[in-house]
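What TrEMBL records for this protein:
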type     : residues : note
DOMAIN   : 97-346   : domain 'G-protein coupled receptors family 1 profile'
TRANSMEM : 81-104   : transmembrane segment
TRANSMEM : 116-137  : transmembrane segment
TRANSMEM : 157-176  : transmembrane segment
TRANSMEM : 196-214  : transmembrane segment
TRANSMEM : 257-284  : transmembrane segment
TRANSMEM : 296-317  : transmembrane segment
TRANSMEM : 329-348  : transmembrane segment
Amino acid sequence: MVWSLTQNQTFWSVKSKYIVQNARMNETQDGIKIAQRNINNLRYADYTTLIPRWALDGHVNGTIPDDFILLGFSDNPSLEMTLFVTVSISYMVTLMGNTTIILLFHLDPHLHTPMYFFLTNLSLLDLCFTTSCIPQMLVHLRGPDKTISYLGCAVQLYIFLGLGAAECVLLLVMAFDRYVAVCRPLHYTVIMQPHVCHKLAFLVWTSGIFGTLVQSPTTMKLPFCHHHRVDDFVCEVPALIRLACGDTHSNELQISVIGSVFLMVPLLLILISYGHIAWTVLAIQSHEGRRKAFQTCSSHLVVVFLFYCTVTAVYIQPRSHFSQKGGKFLTLFYTVVTPTLNPLIYTLRNKDMKGALKRLFGKDRTSNVQ
């Protein structure tokens, strides 16, 4: 009887210890699960800091953000003031230079050739391209408010991307025009007839519409982070992809394909055409003939180099280290500097444009009278 009672006490003692240990184990496991769940709700913002997932995740339940914040160089106010003055001057030069080219083409019959027809289209593209982003950029550089509405960002992206794609194709068309003029001069008037030039211009503008309709809608549907801070001056695809918190592999693949179609393929064809041009120019016996052919093509080649080098660096790999660090400077270059240099390059180095300017202001008539 005593032995049986002792066994019962021992049994209940062991069982109570097991229950306590099991309870502690359950508490520990519950704590681990809670901690794991909390960690799963966090993401690394950098290599050292954990922030809540809800602070990074984008459209909650499919909601659309009200606005975005375009950071630009907001961390450097003195640089912003310098950029405000520089961009203002550049924009005025762009407006006056490209408007002058368009007016000269329409007013001077001597410029009614395929080369200046395409140059007028380039000037119109640059006017629209810069006007779609620079006025808003100046407002942000001048004041503390850096916000842009979701609709405003979408409109800017559609216009910005469409005109950029159209300019890529236009530079290819201009290279083809120079190829025919230098390599097949006797057939130039037959090949580059007015109706052919108009069809090529239609192709340029249509390709821009196609490019923006393919890329822009998918970009604006990305799951953007809640802070909505875009590390750029304008709403463009690479900066918006970097703002997304979800999976962007399909968008990155899409922009790489679009970039190859509108950047790499035209650039390759331009280089091939200028290879043929160089071979033809070197075969010219006359030194004056070689100089004239070189002057005819050098202006376009400079514009191609300035535009393609900067745009390719940003769009081919939008999440690359170079694109993230230097993206703002490159964007500033091809949105402000290149459209400013284009009219200067084509007018200051071109005798036909200089002659048209003189005729416009009546200097030729004055010299003839004397």
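The count begins at 1 with the first shown residue.
Glycine residues also receive a Cβ, built from the backbone N, Cα and C atoms like all the rest.
Nobody curates TrEMBL annotations by hand; they come from automatic prediction.
Within the same chain, the transmembrane segment (257-284) packs against the transmembrane segment (157-176): three or more Cβ pairs sit under 8 Å, each pair at least 6 residues apart. For the transmembrane segment (157-176), same-chain residues at least 6 beyond its ends with a Cβ under 8 Å from one of its own Cβ atoms are 115, 118-119, 121-122, 125-126, 128-129, 132-133, 200-201, 203-205, 207-212, 215-216, 219-220, 234-237, 240, 258, 262-263, 266, 269-270, 273-274, 300, 303-304, 307-308, 311. Contact counts against the transmembrane segment (81-104), taken as Cβ pairs under 8 Å, peak for 329-348 among the stretches 196-214, 296-317, 329-348.
Among residues of the same chain six or more beyond the transmembrane segment (329-348), those with a C-beta under 8 A of the stretch's C-beta atoms are 83, 86-87, 90-91, 93-94, 97-98, 100-101, 119, 122-123, 126, 129-130, 133-134, 137, 232-234, 236, 239, 299, 302-303, 306-307, 310-311, 313-314, 323, 354, 357.
Confidence across the domain 'G-protein coupled receptors family 1 profile' (97-346), taken as the mean pLDDT and rounded to a whole number, stands at 87.
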